[in-house]
Amino acid sequence: MAAHLKKRVYEEFTRVVQQQPLEEPSAKKLRLTKPSKSAALHIDLCKATSPADALQYLLQFARKPVEAESVEGVVRILLEHYYKENDTSVRLKIASLLGLLSKTAGFCPDSIVDDVINTLQNEKSHQVLAQLLDTLLEIGLKLLDIVSHRMRLVDVACKHLSDTSHGVRNKCLQLLGCLGSVEASPAKEVENAVAKDVQKIIGDYFIDQDPRVRTAAIKAMLQLHERGLKLQQAMYNQACKLLTDDYEQVRSAAVELSWVLSQLYSESIVPIPSSNEEIRLVDDAFGKVCHMVSDGSWVVRVQACKLLGSMLQVSPHFLEQTLDKKLMSDLRRKRTAHERAKELYSSGEFSSGRKWGDDAPKEELDTGAVNLIDSGACGAFVHGLEDEMYEVRIAAVESLCLLARSSAPFAEKCLDFLVDMFNDEIEEVRLQSIHTMRKISDNITLREDQLDTVLAVLEDKSRDIREALHELLCCTNVSTKECIQLALVELLKNLSKYPTDRESIWKCLKFLGSRHPTLVLSLVPELLSTHPFFDTPEPDMDDPAYIAVLVLIFNAAKCCPTMPALFSDHTFRHYTYLRDSLSHLVPALNLPSVRWSWIPDVITEAPPEDPSQQFLQLSLERVHNLQHLGSQGTQELLEFTIRDLQRIGELQSDLAGMADFSATYLRCHLLLTKALNEKLWNLAAPLFLKNSLTTNAVKQILEETYKMEFMYSGLETRQVAIIHHMRLQAKALQLLVTARTTKGAEPLFGMCEEFLQEVDFFQRCFISELPHMQDSFVDKLLDLVPRLVNSKPLEMVKILQTTLRQCTFLRLTLPEQIHRASSHIIEPAEESDNPIRFTSGLVVALDVDATLEHVQEPQSTVKVQVVYPDGQVQIIHPKPADFRNPGPGRHRLITQVYLSHTAWTEPCQIEVRLLLAYSSSRSKVMSRASNSTWGESTETVPSTESSTEGTIPFSKPVKVFLMPKPARR
């Protein structure tokens with residue numbers, strides 16, 4: 001029995017239990033809620049015990065942003081308090097807030113239109129009404145596509161046009177101008193009726209008693225025109241009447257309306273008042289606008305002068321009247337005293353008074369019936385150019401330029417007036433006059449008296465004025481050889497008085513000679529001081545005046561093959577010297593006495609194709625096909641290719657950017673290849689540390705990549721990716737050098753983490769370029785990223801070293817054109833041996849004049865560096881106003897650098913050069929991308945990033961003697 005029980009105890013029983021699946025408890029969702037803006041505003045307004053408190057709460061609320069989903073609730077709260085509020089100022093602020101809220105991005109105000117319109121019904125305050133209408137205008141501008149809302153707002157505006165307040169009427173007219181229908185054939189009849197009457201409704205307020213309403217009506221009509229509605233010709237007479245309004249705002253708006261109608265109906269015929277004649281509407285409007293040049297308000301005069309320049313359809317007869325100097329009095333020219341005396345004497349009339357014929361009957365004229373064309377257009381530009389306000393004179397000069405460019409006869413007639421403006425007392429007017437004459441120089445030829453007046457401006461102390469005049473003379477035609485001689489004499493005087501104008505004067509004489517070769521031909525013996533029988537002394541080639549004369553003659557000789565026969569022997573020698581030193585000023589001439597073998601750019605038969613471009617491409621292809629970059633022969637081939645590319649850049653200016661960019665890229669590869677040489681890495685750590693080849697290579701590669709990125713313009717996304725790929729290789733090499741020369745692994749943790757971030761950034765930033773980088777360093781690195789993340793620093797260094805040696809040469813593809821940023825310092829000149837003396841401790845101003853080529857955003861990137869003999873470095877950031885932009889891709893820097901130092905025992909040289917500042921960060925790299933794929937991943941870039949800043953020298957240093965004198969005690 002015991003055995004049986006024991007067996008029962010140890011017996012295992014099996015039992016199948018079917019359990020119902022338990023329901024999973026619903027996951028709790030965390031919902032973040034923001035405090036309700038409407039509730040907070042409601043509580044604040046309820047706490048207000050006075051209108052001043054309520055106004056204060058509203059002002060505080062206006063400073064806080066409101067989300068689009070909260071706007072409607074806030075509007076309801078504001079409207080609720082609006083109806084409860086009795087104070088006008090609080091209701092006015094609420095109405096203003098409604099307008100601000102309706103402009104919230106992402107909010108559609110169609111749900112609050114009815115509520116805002118209802119607030120107008122019981123409002124008695126004119127100020128609040130005007131503000132509510134302004135709010136409706138803001139709502140309507142956001143609902144322009146919804147015709148029903150727009151037309152309802154127009155009806156509201158029409159309803160309140162009869163208000164006694166000018167502010168309400170102004171807002172109604174503004175609403176009509178911005179929301180009135182401009183469709184030619186509306187779909188609905190109701191809309192058609194309103195659209196047909198909107199011009200009439202606005203036009204009825206042209207005669208409103210308040211000038212502010214009249215101005216608003218005209219501006220509303222102009223707003224309709226800007227929105228595409230063709231204005232009716234019938235309102236031209238109304239616009240003409242408004243030109244004589246007592247208020248300048250009305251006259252100013254009426255002038256613009258008259259001009260608009262003259263452009264719409266230029267060929268329409270309108271009658272002349274009190275006459276049976278008819279003229280074109282544009283001619284009539286031109287005369288009326290000319291009449292406004294004599295308006296009492298200088299604002300109206302400026303606007304009238306500006307509009308005259310755009311009325312190009314006017315008849316030549318009326319256009320020429322604007323330059324008529326005859327003084328008009330009741331349609332009669334004012335005769336001189338001699339002419340009046342002669343007429344009186346020939347008439348035979350007499351009187352017993354003091355004056356002969358003073359009691360003779362005169363024709364009575366109605367001054368109100370004077371022809372506006374004759375009295376308006378006559379002398380309009382004369383009045384404008386002689387106006388007391390310089391703004392009017394500038395506007396008149398600009399309009400003269402526009403009209404003269406469209407009419408060659410008018411350009412000839414206005415020449416005397418423009419030349420007279422060169423003597424204006426305001427520098428801005430003189431400068432604008434010079435620019436204007438340069439623009440119309442193709443249509444004019446200067447006489448000797450006009451040229452004399454023009455050349456007098458060379459005495460101006462303003463550098464901008466003088467250089468603008470030099471540019472004018474570059475494209476000016478003169479009539480006689482005396483004019484050429486006069487221009488040369490005055491330019492040489494300018495050169496003597498202002499030596500800093502040397503480059504500008506030489507350039508001016510270059511174009512002056514090339515435009516007038518036959519006139520210069522007759523002056524050659526006199527200019528070169530040659531004699532048919534006697535030898536004359538050889539002039540000094542260092543004399544800038546003599547160089548200026550030669551530049552004039554050599555450029556004229558290019559178009560005059562008989563001129564070289566008048567040259568003396570030393571002139572040919574001087575030509576070869578100038579052709580080599582100033583090749584941009586002296587052209588290539590086929591002179592019989594000159595050997596051409598060593599002179600660049602000689603006139604020869606042009607090959608059918610430019611071989612330089614082909615040679616550049618073949619050189620790059622030859623390098624790309626290299627397999628073993630570490631061999632000695634490969635490195636020598638890279639060096640030869642770099643040398644050839646540099647030579648191409650020196651000989652071919654068009655290919656200089658592409659050749660220099662390619663040479664820099666190959667130089668980086670050469671440095672990287674030499675730095676990875678196995679013999680260097682097999683050295684012991686102390687010897688490796690002593691041999692600084694690898695460290696210098698890393699530093700130089702990083703510098704070259706920054707130059708490639710910031711000194712060259714025209715780069716595409718692929719070139720920028722190649723630059724960053726080379727920089728990534730340099731940083732990997734830097735990590736290897738640090739691991740080789742540092743004891744322990746702790747300093748490497750931070751560098752390894754930073755390097756992995758760089759790899760991640762490269763992948764996200766240049767993801768579209770990765771397919772073009774097969775078998776490159778970054779391509780292999782991305783495959784090894786999971787392994788690198790889990791590796792120790794020393795293991796990661798070994799992987800990087802192996803990957804660097806195994807990666808292939810990344811092919812460099814070039815865009816159509818690459819330009820390299822360059823600069824040339826004109827002043828200070830390096831040849832001066834006279835030191836700049838000043839008292840120690842004080843400052844002296846050094847004039848800096850430089851030309852910049854292909855520099856992007858020079859106002860923020862170009863700096864001036866001054867290096868003193870004791871090693872002190874001063875970096876000056878010029879003002880934005882110091883930069884000028886004479887042409888596309890070209891800038892001019894004219895500034896002053898203030899120097900100061902302690903006393904020296906003898907004069908020493910300081911170095912002045914230009915620097916190009918750069919700042920490279922991840923966000924800026926992405927923003928510079930032109931490809932959309934660059935900008936797609938900007939959100940994933942970490943906000944905390946280190947920015948690399950530096951400067952790149954991009955001009956030759958100029959040495960200037962400086963001598964600080966000790967202060968007298």
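Glycine residues also receive a Cβ, built from the backbone N, Cα and C atoms like all the rest.
For 68-107, the entry in Swiss-Prot reads repeat 'HEAT 1'. Swiss-Prot lists 147-185 with the feature repeat 'HEAT 2'. Feature annotation from Swiss-Prot assigns repeat 'HEAT 3' to 192-230. Sequence annotations record features per position, and here Swiss-Prot assigns repeat 'HEAT 4' to 231-265. What Swiss-Prot lists as repeat 'HEAT 5' is 279-315. The repeat 'HEAT 6' annotation in Swiss-Prot covers 371-407. Per Swiss-Prot, the feature repeat 'HEAT 7' maps to 408-446. Annotated repeat 'HEAT 8' per Swiss-Prot: 448-486, in sequence order. Feature annotation from Swiss-Prot assigns region 'Disordered' to 928-950. Look at Swiss-Prot and you will find 928-949 tagged as compositional bias 'Low complexity'.
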- So what's near the repeat 'HEAT 8' (448-486) in sequence-distant terms, Cβ-Cβ under 8 Å and 6+ beyond its ends? 415-416, 419-420, 422-423, 427, 430-431, 434-435, 437-438, 441-442, 493-494, 497-498, 500-501, 504-505, 507-508, 510-512, 515-516, 519-520, 522-523, 884, 886, 894
- Query: Near the repeat 'HEAT 6' (371-407), which residues from the same chain, at least 6 beyond its ends, have a CB less than 8 A from one of its CBs?
  - Reply: 272-273, 275, 279, 283-284, 286-291, 293-294, 298, 301-303, 305-310, 312, 316, 318-319, 321-328, 331, 414, 417-418, 420-421, 424, 426, 428-429, 432-433, 435-436, 439-440, 443
- Message: Quick check on the repeat 'HEAT 7' (408-446): DSSP residue counts for helix, strand, coil, in that order please.
- Response: 31 helix, 1 strand, 7 coil
- Can you check how the pLDDT averages out over the repeat 'HEAT 6' (371-407)? 82
